[in-house]
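Notes for the one structure printed next.
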Amino acid sequence: MSVEHAAVQRADFDQVMVPNYAPAGFIPVRGAGSRVWDQAGRELVDFSGGIAVNVLGHCHPALVGALTEQANNLWHVSNVFTNEPTLRLAKKLVDSTFAERVFFCNSGAEANEAAFKLARRVAHDLYGPEKYEIIAAVNSFHGRTLFTVSVGGQPKYSDGFGPKITGISHVPYNDLEALKAAVTDKTCAVVLEPIQGEGGVLPGELDYLQGARKLCDEHNALLVFDEVQSGMGRSGHLFAYMHYGVTPDILSSAKSIGGGFPLAAMLTTEKLAKHFAVGVHGTTYGGNPLACAVGEAVIDVINTPEVLAGVQRKHQQFKTRLESIGQQYGVFTEVRGLGLLIGCVLSDAWKGKAKDIFNAAEAQDLMILQAGPDVIRFAPSLVIEDADIEEGLNRFERAIAKLTS
């Protein structure tokens, strides 16, 4: 039985919502695959993926089926009890990664909060209270809680909230010498994104990530990889650390892991996990049956040779066409990234104008993303159809052509 809802419009946002977002001027109401329809029935191609979340597009049948089945059985019991979907998903993550233990939560910020707390707890338990310093990268992004925004290397997000959490420093990304100079015996963790997402879709260099691993080993520090944006097939591997062959001690995952349903996880080893004894950390909703049922369906679809190989092929399809557009119109100078996390770096003449390109794309019925003011970001579904890629890139080129005419 359908329910009749009161009509709402984009203007209502400004009347009832806290103004910390500035959403587009249209409201999406329906999605299927890599297409989205707004209230007026306009059809858009989605290259944004809900900011790298809708890893299987909109309303994928496997996810709809898993959610519907679980919704008819059990929604929530809290972590006073466990549940079957949680245990099934945890086992699949353990079987597919370096990890031996999993902590579920609801968002990337929560997963990183757990990761950073665990790193400090391990150091405290093993080496004493003086070993608590965390080193992260300039322009990194790890969430919006007070702890995670302090670890993030972007003052525009962390300033203005009173004293920041102490013991956190930042060094330039991909600068191994700077990292060597920063790490000491007081360092409890080095926190890195294998691919900086919000910082401009900047992949880590192999020798940099290998060097970080070596430094952590030499100083009894933990290597924490934030794979909130790069994980769950986005790079063409289940997790980006597999692309580099550099294994972290702790890994955070969110966004794609739930395919659009709020879900996140912290992965680690048994040896480290034991420092989170009962009551040391927790969450009410984390690992709820609905989220984990969807997460299990996500990993079942993604973690196959066909899908992961398809990501690599689709990357090349995007890269070839985007480089051609860049050469023809002179709007961007570099196409970078891994898999289906792709960034176009704007040329000097267009620096600071990513929002203009975002708006021009929307006018051509295309949903894209920014990664700061100087980079256009694409994070589409990993199973996006070739025809949708072609059509979306045609619309993108029309937007660029109109801007530059």
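Just so you know, glycine gets a Cβ as well, placed from its N, Cα and C.
Quantities reported herein were computed from a predicted structural model and do not represent experimental measurements.
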- Same pyridoxal 5'-phosphate site per Swiss-Prot - residue from Phe81, Phe141, Phe318, Phe332 joining Gly108, Ala109, Asp226, Glu227, Val228, Gln229, Thr284: Phe141
- Message: Excluding near sequence neighbours, so keeping only residues 6 or more apart in the same chain, what lies with its CB under 8 A of Gln229 (pyridoxal 5'-phosphate binding site)?
- Response: Ile51, Ala52, Gly108, Glu193, Ile195, Gly197, Glu198, Lys255, Leu341, Ala379
- Could you tell me the C-alpha distance between Glu227 (pyridoxal 5'-phosphate binding site) and Thr283 (N(2)-acetyl-L-ornithine binding site) in angstrom, no decimals? 20
- Message: Tell me the Cα distance separating Thr283 (N(2)-acetyl-L-ornithine binding site) from Phe141 (pyridoxal 5'-phosphate binding site), rounded to the nearest angstrom.
- Response: 22
- Query: Looking at Cβ-Cβ distances, which residues of the chain lie under 8 angstroms from Asp226 (pyridoxal 5'-phosphate binding site) while being 6 or more apart from it?
  - Reply: Gly108, Asn112, Ala115, Ser140, His142, Val191, Leu192, Glu193, Ser252
- Query: Does DSSP give Asp226 (pyridoxal 5'-phosphate binding site) helix, strand or coil?
  - Reply: strand
- Message: Measuring Cα to Cα, how many Å separate Thr284 (pyridoxal 5'-phosphate binding site) from Arg144 (N(2)-acetyl-L-ornithine binding site)?
- Response: 19
